[in-house]
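Peer 1: Under the heading ATP binding site, TrEMBL lists LYS17, THR176, ASP177. Per TrEMBL, substrate binding site is recorded for SER57, ASP144, ASN156. The feature domain 'PUA' is assigned by TrEMBL to 284-367.
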Amino acid sequence: MSNPHQQLVTTKRWVIKIGSALLTRVGEGLDLERIRWLSGEIAALRAQGKEIVLVTSGSVAAGMQQLGWRKRPHTLHHLQAAASVGQMGLIHAYATECGQHGIHTAQILLTHSDLSNRERHLNARSALQTLLSLGILPVVNENDAIATEEIRFGDNDTLAAMTANLVEAEVLVILTDQDGLFDADPRINPNARLIAASAASNPALDAMAGGSKGELGRGGMTTKLLAARRAARSGAMTVIVSGKHPDNLRMLAAGNGVGTLLWPDNKPIKARQQWLAGHLMPKGQLVLDDGAVAVIRQQGRSVLPVGVKQVLGDFTRGELVICTDQEGHEIARGLVNYSAKEAAVIKGQSSQAIESLLGYIDEPELIHRDNLVVTG
Ligand SMILES: Nc1ncnc2c1ncn2[C@@H]1O[C@H](COP(=O)(O)OP(=O)(O)O)[C@@H](O)[C@H]1O
Ligand SMILES: N[C@@H](CCC(=O)OP(=O)(O)O)C(=O)O
C-alpha cells in the first residue's frame, strides 16, 4: 500500500479517544484549552460529514484538582470520589465548548459489566446509534464512580476500542502525548523511530509498546496496541497520533501520513462473536489437546469434552471461559454449557458418555460454536 493513510479520506464514522496524559497535568486539573481545541476540531470534522463519538478521560484528574489532592489516590473509594466530582466539570467543559459550535453533547458512562451483559450491551449500542442519528455528539467515559476492579476497563484505550466495536466505527483515533507508536518508548530512548503504519496484528509491535510513565495515564502504548487489535475485530483502522499538534485530526481526514496507522488484516467478526471476544474477565480455562486446537482454529468447530485435557477456575453454566493450548496460549473464548465441576468429570470423554458420567445431559458440546469466538 503506497499511502495507507489515504484510506481515511472516505471513512465516515470515527471514535476519537483523548487520554489523561494529554488532557490533564498533575495538580492543574483539566486542560481547558485542549478541550476547546478538540471541540473545534470535532466541529470541523462533522462539517466534512464525519460522525464522531468522543471517548474522554480526565474525571479523576479534574476531581483531584477540585479537591486539592496533589497525588492520585490509591484507594478505590477515593478514586471513585475524585471521579464523581471531576466528571461534572469534564462534561460541562465539553458541553460548553461544543455548544459554541452548535453541537449538542450527551454523556454516556459505561463499566465493563455493562458491556459483558448481552442486554445492556445492546442497550448501550442502540443509545449510541440513536444519538448519532440525531446528530448529537456522545461523550463517553468509564463510570469510575461505581467501577470496582472486577467490572472496570481500567484504561480508556480499551473502552474506546469497545466503543468502536459497539458503533461499528471505521476509524479509532487515539490522541496521546507522543507522535504515535515508536519502536521504543521515546521517553526512555530519544533515538526511537516512529512506526508510520503496520498491520495491527503484527507481533513485532508487542516488543515496542511499553507502559505509561505518566502519573495520570493508564496503560501506555501497550493498551493502545491491544485497543487497535480489538478495534480491528469489527474492521476498524486505528490511528495513534499526537493531540499536541493542532492540525493532526484534519491532516488525518485529508489522508496525510501523521501518527501510526494500524490496519485490520483479519476478516471482521460477527457482532455476537465480537461481544464474546469483548469479555475481559473470563471465569475459567479449558486446556485443549492439539487436535481440538487445530479444528477450532481452522474450522471454527465446537469445543467437545473429548478435546479437553484440563479444567481450571470456578465457573457455572453460561459463564465465559478461555480455551488455550497446552502452553497456555489463548485460542478461543466462549460460554460454557457445563459448570467447572461437571466439566472436570466429562473432560477427555466422548459426548455419548456425558449422560452416564453426570446422570444427565444438557448439550453434547462443552461450548457450542455459536457461543465461541476464535481469538488466537
Ligand atoms: N513504543 C512507544 N512509543 C510511544 N510511546 C510509548 C511507547 N512505549 C511506551 N510509551 C509511553 O506511552 C505514553 C502514553 O500513554 P499514556 O501515558 O497511557 O497516555 P494516555 O493518557 O494518552 O493514554 C507515552 O507518554 C510514552 O511514555
Ligand atoms: N476514566 C479515567 C481515565 C482512565 C485513564 O486515565 O485512561 P487513559 O487516558 O487511557 O490513560 C478518568 O476519567 O479519569
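Positions of Cβ are set from backbone N, Cα and C atoms, glycine also.
Keep in mind the model is a prediction, meaning the values are calculated, not measured.
Please go over these features one by one and say how buried each is and what sits next to it.
Peer 2: Every protein chain shown contributes to the tally, and the Cβ of LYS17 (ATP binding site) ends up with 27 other Cβ atoms within 10 Å.
All protein chains shown were included, and the count of other CB atoms within 10 Å of the CB of ASP144 (substrate binding site) stands at 23. In the three-state DSSP scheme, ASP144 (substrate binding site) falls into the coil class.
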Peer 1: In angstrom units, rounded to an integer, how far apart are the Cα atoms of ASP144 (substrate binding site) and ASP177 (ATP binding site)?
Peer 2: 23
Peer 1: Cα distance, ASN156 (substrate binding site) to LYS17 (ATP binding site), nearest Å?
Peer 2: 8
Peer 1: Ligand 1 is in the model; which of the binding-site residues ASP144, ASN156, THR176, ASP177 have a C-beta less than 6 angstroms from one of its atoms?
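Peer 2: The binding-site residues passing the 6 Å Cβ test are THR176, ASP177.
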Peer 1: Helix, strand, coil residue numbers for the domain 'PUA' (284-367) per DSSP?
Peer 2: 28 helix, 24 strand, 32 coil
Peer 1: Select, from LYS17, ASN156, THR176, ASP177, each of the binding-site residues with a Cβ positioned under 6 A from at least one atom of ligand 2; if none does, say none.
Peer 2: ASN156
